[in-house]
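Here's the structure we're looking at; comments come further down.
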Amino acid sequence: MGLFDKLASWLGLKKEVNVLCLGLDNSGKTTIINQLKPSNAQTQDIVPTIGFNIEKFKTSSLSFTVFDMSGQGRYRNLWEHYYKEGQAIIFVIDSADKLRMVVAKEELDTLLNHPDVKHRRIPILFFANKMDVRDSLSSVKVSQMLCLENIKDKPWHICATNALKGEGLQEGVDWLQGTRDLQDGLCLCYIFII
Ligand code: G3D
């Protein structure tokens, strides 16, 4: 089963799942998405003329929305509009960019405190990307710098990735699929109990 098929099966019975792929510019979002994207996906760039690019693509079952969170504060209200549609978040961090780790943390904290995210048990998959770069931070170190242990009310997972080679992506997709299976299992338990 390919990575994209795995993600699609993670859908369960849902018709379409919206995955938000977020992170600072240059973190590797486009490279990661290109690894996951099937060749027949329809890509659609929207709002390109006002300085803020959002890429959306979808297949019959999965819809991805990808955007940069950095350097474009005045467009924040545009990208935040997409939060409520997201059923899973992939947050990409450049593990080699130590200088901007603080900025990534600020954006993550703002995301986690947003009303459309804060009270939902939305799974968050962190990709500590560019692990191939010399002196890049380990996923444990990235996790510490972003204070991920403080996220108590949402399932989350972090993987070290090399998006150029596609390394580490499989583990992340498997984890996302697992959260879906768990949710389905909990639903079944709930139905059984009532
Ligand atoms: P973005 O979509 O988040 O802005 P991109 O980021 O996917 O465009 O990637 C930004 C740059 O980082 C690209 O290099 C890309 O090739 C590189 N990159 C992405 N992932 C990795 C990785 O895992 N390891 C390394 N070494 N580089 C990576 P260019 O030179 O095209 O700007």
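In case you wondered, yes, glycine gets a Cβ from its N, Cα and C as well.
Note that this is a predicted model, so its numbers are computed, not measured.
Per TrEMBL, the feature GTP binding site maps to Gly23, Leu24, Asp25, Asn26, Ser27, Gly28, Lys29, Thr30, Gly71, Asn129, Lys130, Met131, Asp132. TrEMBL lists Thr30, Thr49 with the feature Mg(2+) binding site.
Mapped onto this structure are the features recorded in TrEMBL.
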| residue | record | DSSP class |
| --- | --- | --- |
| Gly23 | GTP binding site | strand |
| Lys29 | GTP binding site | helix |
| Lys130 | GTP binding site | coil |
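Compared over the binding-site residues Ser27, Thr30, the count of CB atoms lying within 10 A of a residue's CB peaks at Ser27. Listed in sequence order, Asn162, Leu164, Lys165, Glu167 are the same-chain residues six or more apart from Asp132 (GTP binding site) with CB atoms under 8 A from its CB.
Across the fold, the C-alpha of Thr30 (Mg(2+) binding site) and the C-alpha of Gly23 (GTP binding site) stand 10 Å from each other.
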